[in-house]
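Feature annotations, courtesy of TrEMBL:
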BINDING   D:Glu45, D:His424  Mg(2+) binding site
BINDING   D:Cys64, D:Cys67, D:Cys418  Ni(2+) binding site
BINDING   D:Cys67, D:Cys421  Fe cation binding site
Amino acid sequence: MEKPRVAFFDFASCEGCQLQVINLEEDLLKVLEAVDVVTFREAMKEHSDNYDIAFVEGAITRKSDEERLKGIRANAGVLVALGSCATLGGITCLKNFHDQEYVRKLVYGDKASHYETYPSRPLNAVVPVDFKIHGCPINRDEFAMVVKALLLGKNPEINNFPVCVECKMAENICVFEKGMTCMGPVTRAGCGACCVTEGSFCWGCRGLVDDPNADSQREVLATHGLSVQDILGSFRLYTGFSEVAK
Amino acid sequence: MELQLIEKSDHDLFVQNLINNYQVEGVKPKDGSFIYGSIKAPEELCLDFDCTLISPKKYFLPPKEALLQFALTPDSEITPLIENDPFILFGVHPYDIKAINQMDRIFARGVPDPHYLQRREAALVIGVDPTAVAPRSFWADMGASTVSEGFDLMFTDMGEHFIVEIGTNRGRNLLEEHAKLKPATTDDARERVRIRSRISHICKKRGFAFPKRDIPKLLEHSWNNFLWEEQASKCLSCGTCNIVCPTCYCFDVEDHVDLDLAHGERIRRWDGCLLQDFAAVATGENFRETRASRYRHRFFRKGHYLFEILDDLACVGCGRCASGCLPDIADPVNLFNKLKEG
Amino acid sequence: MNQPMLEDSPYLPKWAEITRIEQLTESEKLFELRLVSGEPLGHTPGQFVELSVMGIGEAPISVSSAPAENGVFELAIRKIGNLTTAIHGSVTGDRVGIRGPFGTHFPVEEAKGKDLLFVAGGIGLIPLRSFIRFVLDHRDDYGEVIVLFGAKNPSERIFLYELEQWGNREDIVYLDSVDKSGPGWQGNVGVITTLFSKIHVDPSRTFCIVVGPPVMYRFVILEAKAKGIPDRQIFLSLERKMKCGIGKCGHCQINHLYVCQDGPVFRYTDIFDLEEAL
Amino acid sequence: MSNEKIIKVNHITRVEGHGNINIKIRDGRVEECQWQVVEAPRFFEAMLRGRKWYELAHITSRICGICSIGHTLTSLKATEAAMGVTLTGQTEKLRRLLVHAENLQSHILHLGYLVLPDLLKVPSVVPLVSTHKDQVLLVVRLHRMANEMSDLIGGRTIHPQRPVVGGFTKWPAAEELETLRTRLADSMPDVEALASLIKDLAGNLPDFSRETEYIALTSADEYALYDGDIASTDGGSWPVDNYKEITNEYLVPHSTAKFTRHKRDSYMVGALARLNLNYDHLTPKARGVAETFQLRPINYNPFMNNIAQLVEVVHSIDDSIRLIDDLLGNGIKDEKPSFSIQAGRGVASVEVPRGILFHEYEYNSNGECVWANCIIPTNQNHANIQKDMEAFVPQIKNHSEEEIELMVEMLVRAYDPCISCSTHCIFL
Ligand SMILES: Cc1cc2nc3c(=O)[nH]c(=O)nc-3n(C[C@H](O)[C@H](O)[C@H](O)COP(=O)(O)OP(=O)(O)OC[C@H]3O[C@@H](n4cnc5c(N)ncnc54)[C@H](O)[C@@H]3O)c2cc1C
Ligand code: SF4
Ligand code: SF4
Ligand code: SF4
């Protein structure tokens, strides 16, 4: 069987998700045995437009990027969105809540007209996306799981239950009991509740589960002392592109 | 009933002896709560906890467990993985023992499940009577203040010493080999009854406003009660109530493959009936599509369905679900009392 | 230490070899299998197996052949998810894992000497075929036999060759219908219940066996009752998500029943008043 | 017919972010020579407006995956400066360890995955997996150690979790630190092997020098990474609060990133700048490595930035061991951060792998950010890259197009630019 040809691309992002791929360390070498990586700008000079699977990191933040993404979509058999920026719009959507002209002026002053920008959006707002690997950054094991599934010809099984499940299994004290608040009850699991485990709280970086009970989450946050503004802020941090945050 | 006595001053020695000879798992503090974990020194072991975050079911039905190991090549052997390393589980409250007893029956009934049963067999269970009651516990009302089986030894903290009830021969041997014992007198036995009823009395502050044996009947007439909808509208479908519950045992099965794509494992992991996709099938059909139907299912399972199988309610009153549920709708006491009110 | 206890684990599949594959429709294939050990599967019509492709997963699949067909058995599988797609990609000679047979079966014995009314919707015909073939193999043991088969459209009709045979047989009544007509279709059009007006049964001696999609049951049962067939002579096979097949994982639970062990075949009287069953 | 060489690199590879190189040489005359940054701008400073004090480090960490630890720490320090939070010695030491962890992560990644292929004249590390398996495994081992060090101290390899305003949420256990210490000490043979590999190939680094200004943090008593004053090789030193006097930002039409200049047209930041300004504080072992490459201050060859990174790898390992011993000596304590939220303005700076980084925030009394500014190392280097190119290309103009392309790419890569970082600075 011929090895599948794999390419990596990035748009507006911190490139941390591609770095997570490199961070597979020894396992990356195993991946390299199973697939042919034909494009990975962050790590290699080789480049090819002939690939089966495209992993695409980053959000779309300007009209001119749409063409490049559409080109990738046209070449790729399978397109996988890599990380929150690509799957949700992620952190980059925070700017959507300011007037775009104001944003440009704020950062680039009277030279603002040189800098094209429009409200940030996830890949699937521009082209169809086959699979999503959520997270900011992505979880290395989940990336490996998706690669393995694609190699075996199966659809990767991406969780649709909230972070609380993994958080309880990790035997964490719920942060609400510690006087903090948490997006875990509406956020898609798969990270092993890593933030709570590390003493923080769930920021919501993996996006919402398919059917989040946003009303109840708002109520829970409100009973724990968050103002309406803060609650919106919590939803907007990562899922600003989704309806519940608007 | 056979009772023995261990002086508090001799207790550390006993625990140390166990540590020297066995893998010992017990209760440890964590961030102001308690969890079960491995005990490496006597002072780590905590016996005066109110309730742990997750019940000891994790030792018999681990959150994630490999069932089979296989190679992807045709004809290769498939090897079941069955864990039966002996270990001591030190510090299990009677309500959790009651839950373990229920699980034992579930996993032995019909087609027995050796993955569970062997682990269970490998464990020596040392129970301990509660010295404190968690805010949402109601085990006393669930008839789980004491248990008569399911433990090898049962400790009761009597202040200066522990009284140890011997549950099995395995327990007796362990005790005789590793502890400095004194015989317990009938006065000690009487005192133990008193201490137990005192703590049980504290726990009784929470409970049902009606006899709990009426619960199955109550549910039979409550299928269409408005409460399911009303309460479940707040449900986050977070599955917390399932995960923490000592009597919940549903699981999912998945194949995991190594990166070499040549070897793999079939694993099972905890699942929960409150989670959205629990009853969803490949066609897209979801047999419990609404939050309310999933929410109701859990209470029916605890109070009715499993009753038909176990002849007992599948809730032992630990209150873990109640304290873990953020919108506070998972508490059996609140829900059943509300249902009763109508 | 992990100690292998080979024969003890109910999760351990047996190897079976695919001996024949037949494309039934665009999305359904028939697989003929033989256990590598040489032993017969030993099922009774209505039972299912847990089929594995190691590395992909496991799924419950009804046995579609009648018992004891030369040591081979048949599964008919719709390609819909991971496991079913993987099996669709396999070729003759490939090996798969089999656990089971599991669950309850159709009233093969009880219905002897009685009349049978089979009602199949879509791929509900897969498990029913096992019983129908058994009855046809033992035709003298049973009375009148009627088979009603409904499909969404002509292209979703499975086992075409057999349907034609059944239609040509003198000793059974075979009627079918499609919800929506399609190219070349000249038969009945309409939901399956419309076929009931075309048949006559002696209700007291008729066993009605129904398998189809969840929505179908309620309507078919009404028709069967309208014909006067007693509730306890109505049988149906239910589908639920399954992960273990041995009554542990909880996914298939309906009330106190586990569909994998207490079902999938139920007598109507045992479940008619159970919420969530139908 | 005129002799024309056109070098056009769209999206230079093996760097972080998107940058282009445009060179046109006609009849031996360099007509065009441009370094363009085309990364999509992300406007972080705007995003920060209105966000809560505890979110800023989380958000700014996402400026760059490779320097996420540096952004996190700089952000925390800026918030702490704004709110007058004091830190314990333990916190400061753990943060210093974290800076080392990131330095190791980033430098090893750069040297092993990005520079080594250049020196071995292959397009990427992929072919090396078969031709130089042992060397690749060595790099992987060192990189994994650095990642696990970040995991242990920061709670994640990138976008760290544990460092928060005022301290940490979780602390490594003594045994964990001991294990780390052993691993660091045991990694020296690997580092030496990497050093000698690079030494053997160092002849492939172009011999090119251009006098410029170097800017980095300095401190009286250490090789300044986590803290210090701003200093210049042209003389002078400034408190971090005065950072704007140094980092005069300006925009150029061909780039989405901003350029900076100080006394001259441009200046350079990064490992070489640090080494030029902090040489005396290198550990003896690190200085020994510098010596084998004849790397002494002030060195004006930008390609030597690669070697300066190698020297810093040794320094970071040595100094981490010292810090761990110090931490273990005092015993690790659980120290819950304590402070009160206040309005205020604060500036902070940390030396991240690519150079000096500044964050400045202003908060209102609710702890909401009302104004923010981040000045990123690569931004400060863009102008210097441009000026280097202008000086370098005429020197190599007689080479073939391919050779020029490779050498100019190597020049850009020597800066280890982190472009995605650099495209969102506020205009004041
Ligand atoms: C008793 C019984 C008999 C069946 N007989 C047949 C048959 O003869 N032919 C046929 O084509 N299909 C049959 N099905 C349906 C078949 O089980 C599903 O189509 C199959 O499980 C889908 O698996 P998948 O891995 O392809 O899909 P995925 O969507 O990838 O499913 C993942 C897993 O979820 C579970 N699951 C998903 N859908 C179902 C389902 N409908 N029923 C039970 N578990 C499910 C399985 O464990 C499956 O492996 C039967 C179902 C039951 C309950
Ligand atoms: S800490 Fe967050 S993720 Fe964990 S249980 Fe609580 S709400 Fe859920
Ligand atoms: S009842 Fe409570 S704990 Fe259970 S799933 Fe719903 S919200 Fe979560
Ligand atoms: S239902 Fe709640 S109270 Fe009852 S056993 Fe389960 S977790 Fe404990």
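Cβ coordinates are placed from backbone N, Cα and C, and glycine is handled just like the others.
Recorded features from TrEMBL, shown on the structure.
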| residue | record | CB count, 10 Å |
| --- | --- | --- |
| D:Glu45 | Mg(2+) binding site | 24 |
| D:Cys64 | Ni(2+) binding site | 30 |
| D:Cys67 | Ni(2+) binding site | 30 |
| D:Cys418 | Ni(2+) binding site | 29 |
Nearest-integer angstrom distance between the alpha carbons (Cα) of D:Cys64 (Ni(2+) binding site) and D:Glu45 (Mg(2+) binding site): 14
Inter-residue Cα distance where the pair is D:Glu45 (Mg(2+) binding site) and D:Cys418 (Ni(2+) binding site), in Å: 18
Alpha-carbon spacing, D:Glu45 (Mg(2+) binding site) to D:Cys67 (Ni(2+) binding site), which is rounded to whole Å: 17
Local backbone state of D:Glu45 (Mg(2+) binding site), from DSSP in three classes: helix
